C-alpha cells in the first residue's frame, strides 16, 4: 500500500519522470516523435499506470489483470476533485463529465473507442458503476441503477462473441444515454444499437464463435428446458455453431470453448438479470424459443431433385418452409434459410434493446434534467480478410475521427478566445475527403453500391467493383488491382479495392458486398413469420411490412443514416474521450507489443490529437491552482498572496525568470508553451521542499501552542455554560414543586409558574388535538383550572368550524340541505320510509321538460314550474285511480291530465297535508270544500312521497300543517260528508276499496 501511495505522490508531483513517464502526453518534450509517445506508454504500463492524458483525452491500456484501483474508496478519492489535481483515471473523466453537466447544465457525452479487446466495454461498465455508487439516490433510483448495470450482461450475451482478438468482443455499436434530474440523480436511460454483425449467426471465422447466448443456453440451461426446446448440450450438433468461413469458402470446424469465461456461470447471471430489467417468465421463455429455433433452422438441410426442385431432407419443426423452398434452387434455398436466421436474430436483438429501453425509460418528465451519453463503438478494424462489415466499421471511425478533430479544435479555439489569447492556425489532416468518398450522394461508394443492388438484370460483386473503378478511378484515396502500379498489384487480388483511410491503407474484398447490402428476406418468409404464435416475432415481423410495396433501404444506407443521427446527437453535447489500447494479442498481463501498440496509436489518431493539442501551449492551469502549487518559490507570494490572483502569478513567473515567449497570461489561466519550462519549475519546487519542510515544522509548533491556548479557553467557557444551565435547571425544578404544593390556592408568586405551565400545556395539547370537522365532538378533557375557558374555546371553535363549513357550501347543496333538514323535522321517527330517503338526493324535478305538455306551460303563463312529479289520483267517490302530473309553482299546485289542468290548489287556501306513519306513498292535500274553485280534498299516491311532501310544504309555507296519522286519515268528500283511508301493514303494497266504503292501503313491511 505504501509503495502505491508513493507512486501516486510521484505521479501528482510530476517527478521520477525517467521511471514512470509523464501523466499527460502534452508534456512530452519531443511530442512529434511516435517513438517517444510509445515509450511513455511502455514506462507507465510497466508500473501498472494504465491511464494517461492527452489534455482532456484519456488513453487507457488494457492490463489484462485485476488492479486495485476501482474500489469505493478510490471513487471517493476522485469525487469532486479537479481534473488535473490527481493521477489520470477513468473515474476522473466520469467525475469531470458529471460535474460539468451539473454546473453548466449542458448535456455531456463520453466517446469510448479502440479495437476489439482494448477494454471499451469494461471502461463503460466502470463509468456506469461510478455513477451508480457516487450519485445521490433513493430506492427508485437504486432500482434504476441496478437495471442500468444488469442490462450489460444481457446485451453482452446476445451481442458479444469470441473473436480471434477478444473473448468478449462487442459485435454491435452501443450508444447509451443516462438521464439525470436537477439534483444530479440518475432517473432514466436509453440505448441505441448500431450494425449488429448478423452474418456471425450463420458462419464465423476459424477460431471464433457465434454469439454467447447460444453456448450459454446449451451449457447452462436446465435439462427440462433443453427437453422443452428439443436441444442437446453438445454444440457440435448444430451447424451454425461449427460452420466457419476460410478464404470465402464455408467449411466444417470445431466449436472453440472459452478458458477465460464460464458459459454456465454467465447463463446464471443473464437469467438473474432478465427479471431485474423487467422481463416476465413468459417473455423469457418466448425469447429462448427463438434462440432455439435459430439453431434448429441451421440444422435444416436441403436436397435437389432430378428436375432441379429443392426439398427438405431433415425432419424439422419449422412448418410451411418446404412450400416456399421448392421453387428455389439449392443455393437459393440455403441462402434463404440463412437470411431468415439472420433476420430473426437481428430483429429479436432490436426487440431486446427496445424492451430494455422500456425498463430504463424516464417515468415522469423532470424539469432541469440533463443527459450523459456513453458511446461504446467498434474501433478501426484491419483484418487479414476485410469485407462489408469492416467497410462500415471503418467508415464509422472516419466520421468519429472527423468529429473528434473538429470538436477538439473548436474546444481549443474557444478556450483561447475565452482567455483572450490569439489563436494560431493548426495544420492537420482533414479526412473529409475520405468521408465524401464513401458517403457522397450519387458519387460515393455507398451510392454506387445501392445503385448496383437495385439495377435490373444480372449483377454481381465484380460488376460493382468495375462500377467503382469507372466512377472513382482518379481519386487519390481509392485503388484497385486494375488501377494500381505493379508493386501494389502484387499484394492485391483482383476482387479487392483499397481505401487510404486517415489511419492507413485497408484492402476490402468485394465478395458478399451486394448480398450483405441487400440484406433482403423473401416476402413469403416474412408472411409466415407474421403468422407466428410467438408474440416477440409478431412484434418483429409486422404485417404492414408484407403489404407495403416500398423497398426498404439498403443496409449501408441505413447505417449511414443512423450514423448521421449519431453525429447530430454527439454534436449537441459536450464530448469527453477515452481511447482504449490493447498491449498484446495474447491477452497476457505485463506484455507490451510495440508493433501492435504503434498500429493502434496510428489508427486511433492519437499523434494527430497530440499535435493539435500542442499546436499552441502545452500546459495551462487556473491562476489559483498554479499559485497554490508554486508560491513557495517566490518570497513575495509565500506563504500567502493577498492581492489579485493574476498579479500574484505575474509576480511569481517574473521571479522564476520566465521569458515572454515561454508563457501567456489569460483572463483566468496561465498558458506555458514548453514542457521544459514546467519541468524546470517542478524541479525547483522539489529542491525547495526540504526548506519548506523545516519552516513547516516551526509553523506547526507555533500552531500547536496557539491551539492549546484556544482549547483551554474554549473548554473553560463550555464548563461555565454547563454550570449555569445546571443552576437554572435546579431553580426551575424547585419552582415547579412549590407551585404543585400551592396549586389549589389563588394565583400567587408561589404557584404562578406551575399554573402558567398547566395552562400552557393544555393549550398546546388542545392545539394538536382540535376537532377537524363539525361532526367530531371529541374535546380534550381540561384540568379544573381551565374548565370554564375550555368550554368557551370549544363553543368558539365549533362556531368557527360551522361558519367555515357553511361558507364552503355551494348554493345547490345548501338548498338540498335545507330541504333535508325540513324533511327531518317532519318525518324523523314519524314515518317508516323516512330512513331510506335520507341518503337519496332530492331532485329539482322528477319530470323532464319534454314530459310537460306545451299547452299546460302556456296556460300557466308567468308561473314557472318549480317541481314536477308523476302521481296517482284516487277519486273521492269510488277511489278509481287516475294517472296525473302534479306541478308545483311558487303560489299554487296543479293536477294535470295530459294537456288539461284538472285542479288548481292555491297554497293560501291549503288547510293541511296528511300522510300515514307507514311506508306507503299515499297522502291527502286538504282543501276547502265550500270553495268550488278548489274542489275539496285530494287523495294522491307518489313513489317519492317524502320528497314531494317536503317540497310542497316548504313552497306553501305549511310545514307545521303536515299531519302524520298512525292508523287512518279522514278527508272531505263533499259538503258535510267524509271519506276514510285505512292503513295496515302487509307483504306488498296494495291500494283498493275496502269494507264499509273505506280506501284500504296495505303498506309493505320494511325489515
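Counting begins at 1 with the first residue displayed.
A Cβ is built for glycine as well, from the same backbone N, Cα and C atoms used for every other residue.
Check TrEMBL against the ranges 540-562, 563-585, 586-608 and you find region 'Actin-binding' recorded for 563-585.
With a cut-off of 8 Å between CB atoms and residues at least 6 apart in sequence, the same chain places 163, 165, 166, 169, 170, 378, 379, 381 near residue 116 (ATP binding site), listed in sequence order.
Long-range neighbours of residue 120 (ATP binding site) (same chain, six or more residues apart, CB within less than 8 Å of its CB): 112, 113, 114, 170, 376, 377, 379, 578, 580. Apart from 114, 115, 116, 117, 118, 119, 120, 121, the ATP site neighbourhood in this chain, defined by C-beta within 8 angstroms of the site C-beta centre, holds 62, 166, 169, 379, 580, 582. Here the Cβ of residue 114 (ATP binding site) has 26 other Cβ atoms within 10 Å, regardless of which shown protein chain they belong to.
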